[in-house]
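Participant: Supplied in structure tokens, the structure appears directly below.
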Amino acid sequence: MSDALINGLAGAGGGIIAQLITYPLQTVNTRQQTDRNSKKEKQKLGTIEQMYQVVRQEGWDRLYGGLAPSLVGTAASQGVYYYFYQIFRNRAEIAALEGKKKGIGDGSVGMFSSLLVAALSGCVNVLLTNPIWVVVTRMQTHTKKSKGSHPEPAASEDAIGAVVEPPPFGTTHAIQEVYGEAGVCGFWKGVFPTLIMVSNPSIQFMLYETLLKKIRKRRASSNKGANDVTALEIFLLGAVAKLGATVVTYPLLVVKSRLQAKQVTGGDKRHQYKGTLDAIMKMIRYEGFYGFYKGMGTKIVQSVLAAAVLFMVKEELVRGARFLLTGTAASTVRSKPP
């Protein structure tokens with residue numbers, strides 16, 4: 001089994017576990033991002049309060065709306081990303097070694113090369129998996145009206161439930177809705193800001209690998225010679241790297257969610273977006289710069305936790321797979337640079 005395939009499968013496994021743990025936070029965050037109230041009408045509810053509100057008004061299942069396609073998307077995204085990342089990384093390492101033979105560099109992959117490798121991997125991932133995330137966004141932002149919001153006529157509870165309760169909004173419904181609005185092209189809504197957002201994992205992996213390399217070099221030069229990195233340290237490195245990347249790229253994430261959510265076809269034109277630039281201009285005009293940072297606190301908690309879990313699980317799966325396939329001690333394998 002190739003190293004790229006091992007990393008791809010490990011990335012998919014780590015992504016699924018991280019997704020299951022943090023999905024309710026993702027749902028609330030997507031709703032915060034697509035909330036189009038003006039600056040004066042901004043939400044006062046905190047993340048926990050909003051989660052409670054969703055459960056009370058719509059039920060527990062709405063916190064997990066779109067979970068099935070999201071898990072498929074996470075597995076596909078992480079698998080595609082890590083697979084191509086490892087392929088591009090291997091080529092970068094070969095180029096670095098060839099450069100060393102010519103007297104250029106020390107034979108290791110530099111920060112710029114790491115950034116480029118992550119960016120290329122991200123672009124491939126976005127183009128292949130964007131339709132899945134459009135469907136997930138639709139399902140996360142679909143609001144189910146609570147029974148309590150309807151007047152209660154003099155009838156039995158079963159009869160009221162039969163009249164009030166709308167049919168479940170599933171994956172098929174979301175696909176039909178997207179296709180009905182914009183055809184096949186609708187599944188690539190928000191792809192432009194998403195492509196720009198490949199800088200997020202690029203910055204994330206650049207920070208992660210730079211910090212990881214420093215820790216390993218420091219331990220390699222120590223008297224103990226123990227240059228293995230623990231799962232807890234991987235967790236913390238992943239959290240720090242993701243925090244830095246999220247703060248920089250969050251406005252693009254909000255614009256992407258606005259474009260992928262269900263568009264308002266009538267009424268207030270402030271909520272109708274023709275494209276990326278139109279969405280940006282209307283958000284600035286009607287909501288101010290605050291609109292670009294709606295739900296950022298929730299996103300930081302969710303993304304940092306998810307990234308930390310992902311890195312930790314992925315590294316452990318890679319180490320376990322290599323050990324099973326080669327019989328090499330885990331610490332020996334982990335001593336190599338990523």
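In case you wondered, yes, glycine gets a Cβ from its N, Cα and C as well.
Nobody curates TrEMBL annotations by hand; they come from automatic prediction.
Annotations per TrEMBL:
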REPEAT    2-91  repeat 'Solcar'
REPEAT    109-214  repeat 'Solcar'
REPEAT    229-320  repeat 'Solcar'
TRANSMEM  109-128  transmembrane segment
TRANSMEM  291-313  transmembrane segment
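How buried are these features, and what lies next to them?
Facilitator: Taking DSSP states H, G and I as helix and E and B as strand, the repeat 'Solcar' (2-91) has 76 helix, 0 strand, 14 coil.
Confidence across the repeat 'Solcar' (109-214), taken as the mean pLDDT and rounded to a whole number, stands at 75.
Outside the transmembrane segment (109-128) by six or more residues, the chain places 76-77, 80-82, 84-85, 88-89, 92-93, 95-96, 191, 194-195, 197-206, 209-210, 337 with a CB less than 8 A from a CB of the stretch.
Remote same-chain residues near the transmembrane segment (291-313) are listed as 10-11, 13-15, 17-19, 21-22, 25-26, 28-33, 35, 39, 42-43, 47, 78, 204, 208, 231-232, 234-239, 241-243, 246-247, 250-251, 253-255, 283-284 (criterion: CB distance under 8 Å, separation of at least six residues from the stretch ends).
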